[in-house]
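Record features (TrEMBL):
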type     : residues           : note
BINDING  : 167, 169, 170, 171 : ATP binding site
COMPBIAS : 82-119             : compositional bias 'Basic and acidic residues'
DOMAIN   : 156-284            : domain 'AAA+ ATPase'
DOMAIN   : 367-436            : domain 'Chromosomal replication initiator DnaA C-terminal'
REGION   : 1-92               : region 'Domain I, interacts with DnaA modulators'
REGION   : 82-121             : region 'Disordered'
REGION   : 123-339            : region 'Domain III, AAA+ region'
REGION   : 340-459            : region 'Domain IV, binds dsDNA'
Ligand SMILES: Nc1ncnc2c1ncn2[C@@H]1O[C@H](COP(=O)(O)OP(=O)(O)OP(=O)(O)O)[C@@H](O)[C@H]1O
């Protein structure tokens with residue numbers, strides 16, 4: 001739930017001015033949550049009143065957009081101890097008198113009932129499931145591998161190593177594995193940890209001489225999910241500890257899933273013995289999604305939020321966003337918040353207005369000429385050849401790629417692009433765009449080339 005709160009804060013950051021966000025939203029600290037209430041810490045009662053008056057509705061809105069549930073928000077002024085439900089593992093204080101005993105008995109029964117029900121491990125994010133994940137050409141492999149692991153843990157693909165750029169769905173997929181295994185076997189011991197959290201906990205355990213506890217906790221897991229392993233790079237003691245945890249789990253045929261932003265070999269400062277272990281299993285990548293997948297994700301998310309997102313708006317957002325899905329989601333939340341706060345339907349013109357600082361900034365800065373130069377440099381051909389009519393393959397492909405990127409990243413119309421490519425007819429331009437679009441779905445190398453050129457245009 002804490003992750004959800006952090007995500008809600010990130011979304012509010014998009015909607016509010018920086019000053020409002022830093023003054024009123026950033027200081028709200030997540031204290032805990034029950035099934036329907038989120039408890040936040042505020043620095044003072046005045047602060048609480050102000051936030052309640054001005055931002056409570058928006059906070060609830062954003063939380064419900066993320067979770068598809070309505071939450072109450074409880075505020076606790078700093079230092080006033082919140083009355084969160086006791087964690088079930090902690091011992092109840094002894095009750096005095098018979099009445100109290102009876103009450104306690106009743107509660108214990110209820111607790112037992114709860115124990116019977118499948119319950120999500122607290123550190124898995126319940127909304128990250130396979131059902132809520134959109135698979136497309138860019139993530140198909142990692143998606144299929146994750147499903148295979150969830151269906152048959154610790155058999156063929158152990159460890160599973162998923163790598164890909166920021167915000168492309170790695171955390172979502174590993175949580176989906178955990179959630180699916182847990183749904184089938186509510187007693188499965190599953191642990192999702194970022195490698196940073198693993199390291200911090202290890203340091204604390206060392207400090208308080210609780211290393212045995214730390215080790216045992218991980219080594220009795222059926223499924224260990226470690227996110228962003230690249231943070232362990234250069235942290236020798238952490239890697240050492242993780243190495244032993246890995247071995248212990250692997251030898252007892254327990255599943256391990258690791259994510260990273262890079263291929264194991266490309267993580268600097270990762271010890272050879274860990275790297276080679278990651279290569280024992282299956283390494284699956286997630287590539288940046290194409291426009292179609294981005295549209296499908298937006299459609300799915302807006303359906304989940306019960307918001308009507310017209311196709312043209314979805315396409316506008318998908319074309320305007322970078323490949324980071326988190327950024328794409330942020331745009332959607334911003335648009336949804338705007339529509340909900342103004343009581344208006346989402347339309348393309350509204351989207352243009354709401355996104356003007358984000359999307360236009362990006363497209364405005366990139367010109368046809370910049371793209372032509374970048375593509376010509378990339379393929380080591382002359383600009384004049386790129387714009388020419390010569391039909392040899394070494395020129396046709398770069399030309400079509402350049403045209404495709406112009407269409408994607410600039411506001412130039414088909415005839416305008418044709419004009420800048422040596423006076424070509426607009427039908428030639430449409431043909432080039434369609435051709436690349438079609439090939440992108442099937443050709444991973446082409447996709448990587450296009451993404452690489454686009455990335456360099458933005459940096
Ligand atoms: N294919 C997808 N379908 C639906 N949602 C997706 C998809 N890919 C990513 N998302 C959403 O995008 C957001 C970012 O994804 P996630 O946190 O899993 O990315 P990540 O690759 O782990 O990023 P980081 O490198 O920052 O850790 C999440 O809200 C996730 O649900």
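Just so you know, glycine gets a Cβ as well, placed from its N, Cα and C.
Note that this is a predicted model, so its numbers are computed, not measured.
Of all the binding-site residues listed (167, 169), 167 has the fewest other CB atoms within 10 A of its CB. Counting every protein chain shown, 20 other Cβ atoms lie within 10 Å of the Cβ of residue 171 (ATP binding site). Same-chain residues at least 6 positions away in sequence with a Cβ under 8 Å from that of residue 170 (ATP binding site) are, in sequence order, 142, 162, 163, 164, 227, 228, 259, 260, 286. Across the region 'Domain III, AAA+ region' (123-339), the model assigns an average pLDDT of 93.
Per DSSP, the secondary structure of the domain 'AAA+ ATPase' (156-284) breaks down as 67 helix, 24 strand, 38 coil.
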